[in-house]
Amino acid sequence: MAHQPDAEAPLLGKPDAASPPARRNKYPFFCAVLASMTSVLMGYNVAVMSGAQIFMAEDLGISDAQVEVLSGVINIYSLVGALLAGWTSDRLGRRLTIVLANVFFLAGPLAMALAGGYAALMVGRFIAGVGSGYALVIAPVYAAEIAPASSRGLLTSLPEIFINTGVMLSYVSNLAFSGLPVHLSWRMMFAAGVVPTVFLAAGVLTMPESPRWLAMKGRVAEAKAVLDKTSDTPAEAEQRLLEIEAVVSSGGRSSEGGGGAWKEVATRAGVRRVLAIVLTLQFFQQSSGIDSVVLYGPRVLAMAGVTSNTLLLSLNVLFGVAKAGSILIAMALADRVGRRPLLLASTGGMTASLLVLGSLFAAFAGAKDDAAVAAVSVAAVVAFVVAFSVGLGPLAWVYSSEILPLRLRGQGAGLGTAMNRVMSGVVTMTFISLYQAISMAGAFYLYSAVAAASFVFVYACLPETRGRSLEDMEELFHTK
């Protein structure tokens, strides 16, 4: 294990600096991968509307306004799951909560595939939305709680890479089924997301429970057994258990009912600061417009001069590959370079690429079949999704999961996810109306201004957390 610097050592002691470094334990990696696979289904169900909307409008005759609502409302519906996830995970455990998310991901897409009209589509989106809220909260929380400090940045990035893998697969599905008859094509796009849920739910049941949840329930022997399997060294396992027990004994159990934790929000400045950081970070992650590109990429490029449906859907696959692939960079660098440098580079790159995209639409509005404008637009969109995915995309979840104190982690993650989904819903349910009101250029200039504000926020408000134990965060943010 790579030892932490003395300045960043855990509160209850640190490893002997003279001891040789240990190899990283692979077991928590496999646990986090399995838990995060549910996020593939979340990404798939949200983004499959990107291409499906073209064929749904033709088959069912739904309007632009209805497309806008169907595309974005899954994010609002996910609030139900996000706000219940903290309560559910504190009672049933992290593992069974992940299984529950898979149940929703089975029922929702099935209802969409069988829908005969707008109302039935909304029911399917609601069910899938609840599952999305659960998945968004519980996957990063489980990964953060199962991971040793040496690989926590890597493992808590996994849900984001899997969400984007799901997005990419939905784009591939859009392209693959686009050649079918109109009444079948979009239904097959939704149905393809049903099959994996049963296998994932069964796989999750083989994982260990979160050691922090076990300790909160007084099951210390079980928590120790899990820590022995998921730590880099026996000494680290003992250290993590001491830290968890200290936090639980100082108030972690009170979060089971929620009241003790929320009382702290009202009375302690450090806790309020952490919660404000989590909410603001999630606000900026979505309000800078990433889901407008995820869900309306073909519309954006069509207005930039791309005319072929097949080419539009193919370029969407390119965006998905760029977005998912870029998160691998964040995963590789989060525990080496640190969270803060990646977040600053990300928000700066987003600002610049959105400015370029807005300027292209301002200078060449209405251009048709202009290959150069279309090519630069594609490059700007790729630059935007890459910049987002090397920093703000995955690290908003990493940072939020690791700075929340244990006694507030379930509920705090739920609130952060609620903010994330509200902003995603607002962005995706207003994008068509927004660009019709202020032009496509105006929409991207607005998103660029938000991205610039997020850069300032990261620079001014977010300290580095790399290498610190989760319990050490309580000292850093004065929440102990």
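Cβ coordinates are placed from backbone N, Cα and C, and glycine is handled just like the others.
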Inset, instruction - Would you mind telling me which of 1-20, 141-160, 281-300, 401-420 TrEMBL tags as region 'Disordered'? - result: 1-20
Legend entry - Long-range Cβ neighbours of the transmembrane segment (342-365) (under 8 Å; 6 or more residues past either end): 284, 288-289, 303-304, 330, 333-334, 373, 376-377, 380-381, 383-384, 386-388, 390-393, 395, 399, 439-445, 447-448, 451-452, 454-455, 458-459, 462
Legend entry - the transmembrane segment (99-120) and the transmembrane segment (161-180) contact flag, 3+ Cβ pairs under 8 angstroms: no
Legend entry - Ranked first among 69-87, 161-180, 371-397, 444-462 for CB pairs under 8 angstroms with the transmembrane segment (126-149): 69-87
